């Protein structure tokens with residue numbers, strides 16, 4: 001699968017991604033609805049929260065968010081999203097292009113967003129967290145050193161490498177670029193594509209959820225927050241009931257998904273139900289940039305407002321502070337549980353590049369299944385405790401059918417990888433399970449006309465805003 005080159009400056013709503021072959025059967029349609037729901041939920045939460053990012057709780061008590069609206073720190077149009085969605089789409093584009101988990105390629109794509117505005121709603125990087133920025137700066141430095149060692153002539157050559165290429169030619173290269181003790185929410189906010197791709201193999205999904213954090217956020221709290229939340233997203237897609245997802249014994253009952261590496265004690269505290277407080281804000285629930293706060297806040301909104309994506313996401317936002325990220329984290333799990341069809345249609349209609357996001361969800365579902373088949377991975381139909389489907393909100397067929405596979409001719413300058421890589425070596429990345437990858441070519445497009453030129457006014461606003469320079473400001477000390 002090919003996404004446009006970052007140098008082409010193609011905006012997300014202009015990307016002709018298209019759809020994979022049609023899903024087969026009722027169960028697959030339900031899974032697809034959950035996967036699309038998780039990505040749309042992330043983006044909807046991000047866009048809803050963007051207009052009041054950094055506003056304190058006290059302000060939102062008086063002026064609560066109730067609808068998709070414009071404005072805020074970044075001067076966005078209603079429905080445009082921030083770094084949370086951009087980085088999630090970068091992660092998804094890596095999984096789909098490489099057809100495997102490749103942390104080096106993930107960092108390349110995050111760098112493209114940082115340096116070139118790749119998959120940004122405005123065409124420019126903005127709202128980048130300080131921890132993420134520091135990690136990407138270090139990655140850029142390490143890439144330059146790698147170019148010297150490998151005698152590569154330009155940045156494009158080093159960007160085309162896979163983690164297998166890098167490790168086979170420079171075994172000491174470290175793709176994990178986080179400084180010690182970085183436990184912000186910047187990895188958790190982008191997590192969803194990993195469990196969406198690997199949900200058919202829960203242990204693999206949990207392992208890679210953690211590995212996806214390490215490249216920028218190496219603290220065990222950040223890694224384990226992603227492992228735990230990844231497991232919840234997997235369970236939601238696989239049809240587990242609300243009572244299972246919010247059960248204080250979820251972790252122990254799914255311990256086989258987590259292997260021998262126990263969760264950090266602060267994540268264990270959340271898994272044991274620390275977020276289950278009726279008076280959330282008054283009892284210490286905070287929408288902050290610290291990953292433990294962010295995880296607890298998202299789960300509080302999910303637990304407190306059972307049965308309503310809308311009520312939960314608004315509650316997450318109206319906690320205040322890092323509003324877009326708290327809501328984006330909430331949206332990943334809530335969207336996976338409720339499904340795309342249960343996210344308010346008027347919000348989805350206003351969402352920038354909604355068709356691209358929906359199509360990426362379709363491809364994650366399709367390619368995840370292809371990965372399982374091609375690598376002879378065990379594909380479990382359900383967890384032993386999964387409920388009957390009539391108790392789950394996603395008990396209907398997906399509303400959209402999908403068309404045929406396409407060629408990649410529309411993107412002659414795309415980021416395609418025409419190499420079939422060997423199996424992923426578990427020694428390369430924190431004992432990650434083995435994988436392999438093969439290329440896929442597509443082309444047919446479905447553009448989103450909701451914003452004909454989303455960057456025309458906002459890009460100028462961002463350049464004129466001294467806070468908008470990604471080298472000068474971070475989302476917070478945590479992000």
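Just so it is clear, glycine is given a Cβ too, placed from its N, Cα and C backbone atoms.
Annotations in TrEMBL come from automatic prediction, not curation.
Database features, via TrEMBL:
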- 1-27: region 'Disordered' (REGION)
- 82, 83, 84, 322, 324, 325: Mg(2+) binding site (BINDING)
- 374-479: region 'Disordered' (REGION)
- 374-387: compositional bias 'Polar residues' (COMPBIAS)
- 395-473: compositional bias 'Polar residues' (COMPBIAS)
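Features per TrEMBL, on structure.
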{"residue": "82", "record": "Mg(2+) binding site", "CB count, 10 Å": "28"}
{"residue": "83", "record": "Mg(2+) binding site", "CB count, 10 Å": "31"}
{"residue": "84", "record": "Mg(2+) binding site", "CB count, 10 Å": "33"}
{"residue": "322", "record": "Mg(2+) binding site", "CB count, 10 Å": "30"}
{"residue": "324", "record": "Mg(2+) binding site", "CB count, 10 Å": "32"}
{"residue": "325", "record": "Mg(2+) binding site", "CB count, 10 Å": "36"}
- line: The DSSP breakdown of the region 'Disordered' (1-27) into helix, strand and coil residues is 9 helix, 1 strand, 17 coil
Field: DSSP-derived structure type at residue 82 (Mg(2+) binding site), helix or strand or else coil
entry: coil
